[in-house]
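Notes follow once the structure below has been shown.
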Amino acid sequence: MTSSEPLFKRVAVIGLGLIGGSLACAIRRNGLAGTVVGADHRSEELQLGKELGVIDQAASTVSDAVRGADLVVLAVPVRATRAVLEQIRPALEPDAILTDVGSTKSSFVTDVEAVFGGLSPLVIPGHPIAGSEKSGIRAANPELFANHKVILTPPDNVSQPHLARLQGLWEGCGATVLTMSVAYHDEVLAATSHLPHLIAFSLVDTLAGEDENMDIFRYAAGGFRDFTRIAASDPVMWHDIFLSNRDAVLRVIDHFTHDLEQLRTAIANQDSATLLRVFSRAKAAREHFSKMLSGQAYVTNNSEKQVTFRLQPGGAITGDIRVPGDKSMSHRSIMLGALADGVTEVKGFLEGEDSLATLQAFRDMGVTIEGPDDGFVRIHGVGMHGLQAPRGPLYLGNSGTAMRLFAGLLAAQPFDSELTGDASLSGRPMGRVADPLRAMGAVIDTAEGGRPPLKIRGGQKLSGIHYEMPVASAQVKSCLLLAGLYAEGSTSVTEPAPTRDHTERMLAGFGYHVHRDGATASVSGGGKLTATNIDVPADISSSAFFLVAASIAPGSDLILRHVGMNPTRVGVINILNQMGANIEILDEREIGGEPVADLRVRSAELQGIDIPEDQVPLAIDEFPVLFIAAACANGRTVLRGAEELRVKESDRIQVMADGLAALGVETTVTPDGIIIDGGQTIGGGTVNSHGDHRIAMSFAVASLRAAGDITVNDCANVATSFPGFVELAHGTGINISAEGAE
Ligand code: S3P
């Protein structure tokens with residue numbers, strides 16, 4: 001076929017209503033057929049079709065339309081299908097594709113089988129998920145299918161070339177084509193289209209029947225209008241759909257009626273917890289509708305978004321800012337709040353994708369969580385044994401912390417669960433938590449090499465163990481302590497070097513005793529958590545970008561407010577100070593069991609240093625930006641004992657070295673660290689962040705001392721830990737813009 005030849009010679013559209021008319025129009029407009037011929041038993045509609053230019057030819061009978069056609073589209077009310085098929089049969093060409101646009105697919109298949117005695121490989125049922133409450137050919141719109149989905153439900157023996165042509169036709173009209181089975185289509189549509197129409201018809205009818213209906217309609221505001229728009233749809237068409245998809249529709253009506261009854265009972269009994277749980281779960285689901293449609297629960301799969309940072313060199317950092325809340329504490333506040341007795345209120349919660357994944361996972365396990373609303377979250381705890389089985393896998397996006405801590409918690413639940421994540425998380429080691437959990441009696445399957453997904457078998461009795469951690473990991477420690485809350489006896493974890501202790505501090509805040517003996521933390525199982533209020537400080541890991549930015553950019557003077565100063569997190573300040581940074585710690589205070597301070601940072605001449613190994617776990621997340629500081633320092637900086645950096649969201653040693661090399665800065669990579677000679681010119685260039693949020697932000701900081709423009713690719717994941725980074729960075733003086741951001 002040459003490119004100028006249309007996909008079909010002659011398309012017969014039987015039924016010139018909204019969908020048939022729009023399709024005919026779209027085929028003509030897009031040159032997808034030599035001739036579009038229409039048939040309709042309503043002669044005025046047919047006439048109008050010709051006059052409005054919707055069709056090329058008006059056929060006087062259905063068989064006239066079908067004769068010679070290589071594509072026949074039925075666009076008649078579902079219940080008229082069989083009669084029309086009878087008329088088509090004698091005239092249908094042997095090589096013609098027969099399709100339809102009806103809302104129920106099993107009834108079409110049944111009708112075809114009844115009339116033709118079977119389903120030929122050229123019968124391809126279809127359903128465009130597009131429409132409007134308007135009906136008739138006057139409403140025909142060639143754009144109706146653009147950016148909409150069309151579902152095809154081909155039989156198993158479908159002719160693939162014919163399927164491809166039909167798919168091409170819909171794509172030519174601007175639609176995206178999906179294929180699925182007839183039964184699945186009918187179930188899905190019963191829930192997503194048929195039930196809402198039924199409710200709209202019923203609601204409007206009920207209200208119209210009330211005595212005060214005039215008043216009700218007069219005062220009906222936006223909500224009523226929005227909700228009932230579809231009650232103006234074609235009654236005959238919908239009558240046919242409900243009768244044709246009877247079984248699937250009955251199932252979903254029963255489900256809905258049951259849930260409505262539950263809400264009725266909750267209102268009658270003043271049961272606020274149930275009402276809030278249902279409403280907040282629904283609100284979150286509605287807000288994340290488009291994300292759910294991409295198949296990823298409520299959390300965006302960031303690898304599908306392409307965000308690029310563009311940076312112009314130079315600038316000084318000034319201002320008075322507060323970066324978003326601490327990620328580690330935000331995760332833990334939701335986890336412990338959910339398991340507590342009572343209501344926990346959290347201020348300063350990080351509304352980043354990682355902690356939102358944790359929040360959503362608890363909603364999926366039946367916990368009512370209000371918010372987040374400007375960092376405020378209210379968690380209605382369900383108690384240690386109140387979680388419910390989630391309906392499907394818990395998708396944790398990019399978050400290693402969520403997956404590892406959940407592993408401990410879920411190993412002790414009575415139900416099975418599965419933990420999944422994005423491409424980066426799916427490559428990260430989980431054996432470090434699965435192995436000791438198994439030693440406690442947990443049953444966990446991982447993919448090859450101990451990678452996600454984690455499949456956790458519920459109903460296991462856990463026993464406390466003593467565990468000497470081979471790596472200094474707060475995630476492993478926290479995972480085991482959480483499992484230990486449910487285990488028989490005592491669970492103790494010894495760390496080879498101090499790691500962040502937010503779990504221990506927060507457990508204590510919730511009234512759970514954690515015993516500390518040197519490098520060992522232990523809990524006894526069987527206790528309970530009591531709700532408390534939590535004030536999450538600004539994340540020192542996010543502050544780190546600005547500590548380095550203001551240090552390396554001449555003429556800078558910046559205040560960072562309310563920064564979390566937990567001694568297990570301040571490695572970045574210790575290291576920068578040792579390099580000669582000018583960081584003042586102001587107004588040190590303790591809030592909710594965590595030290596907090598304001599920081600003033602001014603530019604300074606930095607010196608290269610040998611980074612003390614004991615600082616590595618205390619600055620584990622800050623090394624990417626510390627490498628930028630090292631590149632801007634005088635002399636050599638050497639990092640050792642940091643092999644853990646290779647299994648973070650990316651291999652942070654190699655990815656940083658590659659990024660620096662792309663800007664003309666040579667470094668020496670070692671198995672457990674890096675050697676950076678400062679004072680080399682940072683040139684312009686393009687850096688690949690490998691989807692790692694901290695790499696992307698580090699190179700944004702590097703621009704302050706660069707000689708040329710820097711482009712950083714693959715930056716969408718900055719939203720996992722630092723929503724609003726670009727605006728905040730720009731406000732302080734970094735010449736940054738983002739392309740492709742939502
Ligand atoms: C975290 C612990 C650290 C850190 C991560 C958050 C936590 O990981 O890198 O960003 O919240 O417990 P490891 O425990 O793997 O070192």
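Glycine residues also receive a Cβ, built from the backbone N, Cα and C atoms like all the rest.
No curator has checked TrEMBL annotations; they are predicted automatically.
The 3-phosphoshikimate site recorded in TrEMBL includes LYS327, SER328, ARG332, SER473, GLN475, ASP621, and the single candidate from LYS305, LYS347, LYS455, LYS648 that the record places there is LYS648.
Counting in whole angstrom, ARG652 (phosphoenolpyruvate binding site) lies 16 from SER473 (3-phosphoshikimate binding site) by their C-alpha atoms.
ARG332 (3-phosphoshikimate binding site) sits 13 Å from GLY400 (phosphoenolpyruvate binding site), counting Cα to Cα. Each residue contributes its Cα atom, and for GLN475 (3-phosphoshikimate binding site) and ARG694 (phosphoenolpyruvate binding site) these two points are 18 Å apart.
For the pair LYS648 (3-phosphoshikimate binding site) and ARG694 (phosphoenolpyruvate binding site), the Cα-Cα distance reads 10 Å.
Secondary structure at SER473 (3-phosphoshikimate binding site), taken from DSSP and collapsed to helix, strand or coil, is coil.
Cβ neighbours of ARG428 (phosphoenolpyruvate binding site) (same chain, under 8 Å, six or more residues apart in sequence): GLY400, MET403, GLY421, ARG451, PRO452, VAL647. All chains included, 26 other C-beta atoms sit within 10 angstroms of the C-beta of ARG332 (3-phosphoshikimate binding site).
With respect to ligand 1, the binding-site residues ARG332, SER473, ARG694 contribute SER473 as residues with a C-beta closer than 6 angstroms to one of its atoms, given in sequence order.
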